[in-house]
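Trainee: So TrEMBL lists these for the protein:
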- B:CYS51, B:CYS54, B:MET57, B:GLU103: heme 1 binding site (BINDING)
- B:CYS81, B:CYS84, B:HIS85, B:HIS182: heme 2 binding site (BINDING)
- B:CYS141, B:CYS144, B:HIS145: heme 3 binding site (BINDING)
- B:CYS173, B:CYS176, B:HIS177: heme 4 binding site (BINDING)
- B:23-185: domain 'NapC/NirT cytochrome c N-terminal' (DOMAIN)
- B:188-207: region 'Disordered' (REGION)
- B:20-38: transmembrane segment (TRANSMEM)
Amino acid sequence: MNKLSRLALSAALCALLFPAGFAAHAAPADAPLEARAELGNSKADMYKPIKDTKRIVRDYVQQPPLVPHDVSRYEISKNFNKCMDCHSSSRYVEMNTTRVPVTHFKSRSGQELSNLSPARYFCTQCHVPQVDAKPLVGNTFKK
Amino acid sequence: MSEVKPKLHQRAWQWFKKTGPWTVLGLFVAGIIFWSGFNTVMEATNQESFCISCHEMKNNVYEEYKETIHYNNRSGVRATCPDCHVPKDFVHKMIRKAQASKEVWGKLTGSIDTQEKFEANRLRLAQNEWARMKASDSRECRNCHNFEFMDTSVQGTRSALKHEEAQAAGQTCIDCHKGIAHRMPPVDQGIGQQNEGGAQIHAGNAE
């Protein structure tokens, strides 16, 4: 057996043995069905978020304005507030949106703050997005 | 007169005769086997199950990704880790794979092996990936999302407007679409104390 054929043989052996260790990783990832069960545990998930619309007129004076667009999967966390990407005072002009008002820069006792009040930080606590659901019961409320 | 140098095909034939057909055949087969093996390993390391076999990926970025549209959606089409993070074509893929050896070093030294360490590094890690996407004109996004075939007339009002503006300004996907599959690092959004000194993102560009 000359030098070259020995080289060829050892190369072939290496190539055969090398992938064996990785075969264990071939199994598919977690079943996505489990994840869906985790995500879809609210009845609100049964309805579709509305498409982008014009501003929705308030129904009463103190009503927090409703969100006239889809905000599902928007991140509102300590690091980042997706709403503020378009509604902050530095962005609302270029994005042509409603600006977060100065009332949101006050503490509960009315003291001026230099930052957005932590009590107001989680926008969707008051400003709720809309879905295609019909009211469950009738009512006689008039504007 | 000096001897005429044999032509390439003549030299090849001489080499073939000298080496012998069986050895040449053996070399050829070894080449095929070696290449298949190499490719198999490459594909094995390009699977989601491989990516999340390390807890740094599984407990942090994978958990976040599970809540997003690229993991879970109405039609069940998915973009798995390598679809976004590993280029598809050979040359760029090999370059990225070679760079990833530094990530193996990170794993060995435990550079992000706790939640705290991961959070401390989140901005740096995100900026690396943003820069990579920006430099390649969001190549991996465009494997599926192509501006040329994007019909803005059937998009929502907001998306249609912004996509047209972005296209006209020559912007790329990652300019605006940051944090779509993972949580964002601290971003200074100009709302006071919150994340002051964090990343500055303006008009789609991270500064």
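From the backbone N, Cα and C atoms, a Cβ is placed for every residue, glycine too.
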Trainee: DSSP secondary structure for B:CYS54 (heme 1 binding site), reduced to helix/strand/coil, please.
Mentor: coil
Trainee: Could you name the residues, excluding B:CYS81, B:CYS84, B:HIS85, B:HIS182, of the same chain that surround the heme 2 site, i.e. Cβ within 8 Å of the Cβ centre of those residues, in sequence order?
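Mentor: In sequence order, the nearby non-listed residues are B:VAL61, B:TYR65, B:ALA79, B:PRO82, B:ASP83, B:GLU129, B:ALA181.
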Trainee: Take the C-alpha atoms of B:CYS81 (heme 2 binding site) and B:GLU103 (heme 1 binding site) and report the distance between them in angstrom, rounded.
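Mentor: For B:CYS81 (heme 2 binding site) versus B:GLU103 (heme 1 binding site), the Cα atoms are 15 Å apart.
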Trainee: Return the member of B:HIS85, B:CYS144, B:HIS145, B:HIS182 nearest to B:CYS51 (heme 1 binding site) in space, with distance defined Cα to Cα and candidates limited to these binding-site residues.
Mentor: B:HIS85
Trainee: Take the C-alpha atoms of B:HIS177 (heme 4 binding site) and B:GLU103 (heme 1 binding site) and report the distance between them in angstrom, rounded.
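Mentor: With the alpha carbons as reference points, the distance is 24 Å.
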Trainee: Quick check: with B:CYS141, B:CYS144, B:HIS145 left out, which same-chain residues have Cβ atoms within 8 Å of the centroid of the heme 3 site Cβ atoms?
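Mentor: Going along the sequence, the neighbours appear as B:ALA79, B:SER138, B:GLU140, B:ARG142, B:ASN143, B:ASN146, B:CYS173.
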Trainee: Select the closest residue to B:CYS84 (heme 2 binding site) from the following binding-site residues, measuring between CA atoms: B:MET57, B:GLU103, B:CYS141.
Mentor: B:CYS141
Trainee: Determine, for the heme 1 site, the additional residues of the same chain whose CB lies within 8 Å of the mean position of the CB atoms of B:CYS51, B:CYS54, B:MET57, B:GLU103; present them in sequence order.
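Mentor: Along the chain, the qualifying residues are B:PHE50, B:ILE52, B:SER53, B:GLU56, B:LYS58, B:LYS107.
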Trainee: Going by C-alpha distance, which of the binding-site residues B:HIS85, B:CYS173, B:CYS176 is nearest to B:CYS54 (heme 1 binding site)?
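Mentor: For B:CYS54 (heme 1 binding site), the closest Cα among B:HIS85, B:CYS173, B:CYS176 is found at B:HIS85.
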Trainee: Among B:CYS51, B:CYS54, B:MET57, B:GLU103, the annotated heme 1 contacts, find the widest CA pair distance and round it to a whole Å.
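Mentor: Per the listed residues, the maximum Cα distance equals 11 Å.
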Trainee: Which Cβ among the binding-site residues (B:CYS54, B:CYS84) has the fewest C-beta neighbours inside 10 Å?
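Mentor: Each of the binding-site residues B:CYS54, B:CYS84 was scored; lowest Cβ tally within 10 Å is B:CYS54.
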Trainee: How many Å lie between the Cα of B:GLU103 (heme 1 binding site) and the Cα of B:CYS141 (heme 3 binding site)?
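Mentor: Distance (Cα to Cα, whole Å): 22 Å.
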Trainee: Indicate whether B:HIS145 (heme 3 binding site) is helix, strand or coil by DSSP.
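Mentor: DSSP assigns B:HIS145 (heme 3 binding site) to coil.
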Trainee: When you measure from the Cβ of B:HIS85 (heme 2 binding site), which residues in the chain that are at least 6 apart have a Cβ under 8 Å away?
Mentor: B:ARG96, B:GLU129, B:GLU140
Trainee: Tell me, by DSSP, whether B:CYS84 (heme 2 binding site) is helix, strand or coil?
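Mentor: Helix, per DSSP.
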